[in-house]
Every structure is written in C-alpha cells, then in structure tokens.
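As recorded in TrEMBL, the features of this protein are as follows:
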type     : residues : note
ACT_SITE : CYS178   : active site
ACT_SITE : HIS235   : active site
ACT_SITE : ASP258   : active site
DOMAIN   : 170-261  : domain 'Transglutaminase-like'
Amino acid sequence: INISVFPPSNACIGRYILNMQITSCGHTYQRCLGDFYVLFNPWCADDPVYLDNQAHREEYVLNEHGILYEGVHKHITSRPWHFGQFEDGILDICLKILDMGASYHHGSDRDHCWRNDPVHVSMVVNHMISSHTTNSIMKIPENNDYLKGTKPFSWNGSVPILQQWYNGRCRPVRYGYCGSLASVMCTVMRCLGIPSRVVTNFCFPCSIENPLGINEIFDCTGKNLCGKDKLWRYHCWNESWMARRDLNQCCGDWQCLDPTPLETGRGLACSGPTWVRSIREGELDLDYDGHHMFSRVNSNYVGWLSQTNAKRTKFFCDTWPCGQHLITKSVGSEQFEDITGAYKYELGSVKNKEAYYRAYRRIHPGYCNASNCHIERELSSLKNPFLSDSGINMRLKMANCPMYGEDVQLHWVLENLRSENKNLKFNLCAQIITYSGCPMDQFWKDSVNVTLGPREVKKIPLCISYSQYGPYLCDHNIMKVVAVSDPECGEVLMVSRDIVINRPPVIVKLLSQPRLKVPCTAEISFCNPLQEDMKNCVMTLEGCGLFKEPMTIDLGTLASNQQARTIVEFTPYRLGSHRLLANFGCHKF
C-alpha cells in the first residue's frame, strides 16, 4: 500500500506521527508507520510565505552561507557566517524553541493552532532569541563584561549556539551581540521555511526620552561623555518574507524583526514584526512597534558641548543622518545590496517629508493637528547649525586604511569660506567607541592653533601611533577622532571621524580536492603583525558539511612577526557548496 499525505497550506508546522489502525476479525491493531515534519512552503502559491522568485528562494531559504556587515558607514567591513539550517538536529532544536516560547502570546499551547501563522511564529522566535526571562537562546553581556562566557564577536555560525542552548537544558548561551542574535534568528526562520535575511543599519539611534532625536554630549577636549542616548555605529536585525493576513495583505512582503532587546520606554523588549513599507510611509498605527522602527531610521542627531557652568551649546557641525545606509547580502553574490530605499524615501524629497510629518503626529500626540510648517519649524530648532554657517568647512580624511599594529594617518582639511582671516584654537582627542556607541578610554589629546587667510584651504596631517591606541583597543576596533574649537574663540565648531582598525587576515589554503567522505587537508596560517608578543592565541575552525563540531587549536604565544601554520584534516560528510571558516583570537582581540 502506498500512502500519500497532502498537508493543506494552512496546516500547522511541526512534527507529526503517522499511525495506521487495522481491524480484522473483530480485532483492532495499531501500528506506527513513522513521523514526518510539516514546514512553511515558499514554493506553494497558497502559503503565506510564498516567494515567486526562484533565485530569491535559493538565497533566503536554501543558502546556508551568509555575510554580516559591520564597521561604520564610511568603512564597512564584512565577515562570513554559517547559518547551517540543514545541519543534523537543527530542525528539532527550532521546534523546541517554539515549544519553549509557546506561552508568549497564547498562554497555552494545547492546540498548537497558532503554528500555521508565520506572524505569530515569528513573534515567538523573535522573543525567544534574547528576551525570554529564563530560556532565551543568547544573553547580551552587561557593561561589555563577558569574562564568564564566550566573546560575542568570536562566533562564526548559528549551529554551535543553537546546539549549546539545546544541550544546556535551554539555558541562555553567553554571550552574543546584535549580529549573532539576528543571524541565529535567520537560521531558525529559514529552517522553518520562512524566507529571511540579516540587515545592517549604520548610524543607529538608541534614545530613551525622545523617539525622534538623539543627543551626544562632548566636553571642551572633544571627549564623548556617556549620556542616556547612544548612537550605535551599526545594528543588525532580521527581515522575513510573509503575507500579513492581520493587515489584509494578499501578497508577501518583507517584515522587520529585531530580536535585540532595546529600551522602548516600557523596558527592554524586542520589536516586530513591522511591515517595512509601513515604516517608509510613516503609517505607524498600522503595525507592531512601528514607531520604534521608524525612529531607528529617521531620528535627528544633535551634538552638544558641555561647559563647566552646566551650560550646553550646540556645535556647528555637519552630521550624518541616522539610518541613511541599510544593507544586506545580495542575491547570489558576495557583495552587499543597499536597501535604504525600502525603509525611507530619498532624504529631503516631498514623499520623505510627508512620511515624516505623518509619523511625527503619531509619535507626538500634541502635534496631531499641527501644520507641516509648524512641525518643520520645531525640527529646525532642534538641529545643529551647519559648519558653513560659521564660515568654515572642515573634514577629516583617512590617509591610510590602518590594520592592527599600524599608525593611523589622517588629513584634517580646513577651508575658510569668508574674505577675512580666521584665527582659531582647536582641541583634538581620540577615544575608543564600542559598536553600540558606549564611549571608552580617551587615549590621545592635542591642541592646535590654526590661522586661515581669506578663502584659504589648509591640510594638516595627524598621526595616532599604534603605541598610543594599541593598549586600549581590545575587542572594540572602532575609535573616534574629534576636533573642537575653543569656546572662547566664539562659535563652537566640531568635526569628527569614526575609524575602524582592521584585524590581520587568516589565510586558508586547501591542499587537496574536497570529495565526499574522503579525508581532505587544509593549511591555516596567521602572522603576528605587532611589535610585541600575542598571548593566549586560539584558532577556531568551523564549516557546515565539513566539521561536525567546531575545532579549536591552541597556538600559545606568537612572537612579533612570527607566522603560525597549522595543517588540519577533515572529511566532508555532505554534498554541496561548503565554506571553511577560521577565526583567530588572542589577548589583544
């Protein structure tokens, strides 16, 4: 007897058991024929996650290899990530996540009736990543303290994280950051059949008091003071494709889901799903957490000088608007795709202003009947005046692309826009900034007197040596250089630049042709570029289809300019395209 099971498009996802009952001569027998899994089906036109582009299905459902984009908006870095949604045991782990989070929206999971709705499934997964009180998948370190766990940036893929959570009786894995949280969520969603991708937003505002404004405060030396507001250099979240029946959508579209718990005014919470198009249109009443997601790509930045008499003065400065660069991995390519236009219209356009006014009235109820001109005047009063309004233009340009161990070279370009001389005194400084905008140590200060003739352009070289920044960089490879004019000279001018210090490369070289179930060897090499020893050096290797578990190699101490070479052997156990990832860590990073 051949039995065919045809689950309807509204069937609940999960594991099913198929039983057969036989009645003969008045006796009834039960026999279990086996079990099977039902998932969402983006190939089925009746399924709410239907995606009608085969190339997109291959990228957003079937592809196990991803890329995380980090750094700053003027220097984007990338690193590979293994999603591993087809690895052994991952599907059972994903269903366990649904079991553990079932009570989040429904109080009881007796009938599993919500499991045919990708909206509710995505909300449960989003909550379980890091917001569940006791059984969330990952924890974020408090105050950047991760001595009791794994360094957040040392993970290469989702599989070890999910396995550690499952094998550890569903206790949170220590530690993660926004990139790993969004990537783990992407793995779970793809495994369940929901097309998903990781998005990076550069210049991400995190403000508690004003949803559409973020304030950064500096002292007269240019040091960034730790305030309530934070300007994250980048932030990662997840997008999933589905038709929102709750919004009467007949076709699928991208929905924004942010699993990182952020301050929302009602405590720490994840956000979404939010229809990406509703963010662009400013239709904030339409969806879950719409006002939070809108503010994260549309906030206004304001820089302030804090003076000794508790007085604050706005800088004359040219600021980069928040949320002006959102990217994700391109379909079938290693390059990134700019998707900023999906979240907001072109800055300054009529449609962009209309969406902003619409959202402003919903976020600030006191302005619900205000005219556009009234809102525009209010916004203008909050912004920093431009540098050109003071008669001076300034910018900090990189003269090199520094790597660990190399000096940072900059050109400070000043231009006098007026027909009279300008005599100014500037204070300069550099300090470490975490990716989440927390100011760390200020390690370099200087003072410079600048004289500019009428219409003169002057280029001043700046150099920050490795001996100055090296002891402070640690795991945070971002520094901020600031130049602030002395308040006694009149108008307070400010220019700044975020700088990424690149980590030295790890080189992977295959020594034999990989074949299924045949041992293969590869050479992994790394050179210490510093003029000092690197201690506690560890190499972590990972590869879906190549290693059942990550391989850790202890390299001990590497002397200055010493090259470490390691030969590893592995046996590919699965057909397909695979990627061998090597991650190097030491006491420096």
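Placed from the backbone N, Cα and C atoms, the Cβ positions cover glycine too.
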- Please list residues from the chain of HIS235 (active site) whose Cβ is under 8 angstroms from its Cβ, counting only those at least six apart in sequence. CYS178, THR200, ASN201, PHE204, THR260, ARG296, SER436
- Query: Tell me, what is the mean pLDDT of the domain 'Transglutaminase-like' (170-261)?
  - Reply: 93
- Of the residues in the domain 'Transglutaminase-like' (170-261), how many are helix, strand and coil by DSSP? 17 helix, 43 strand, 32 coil
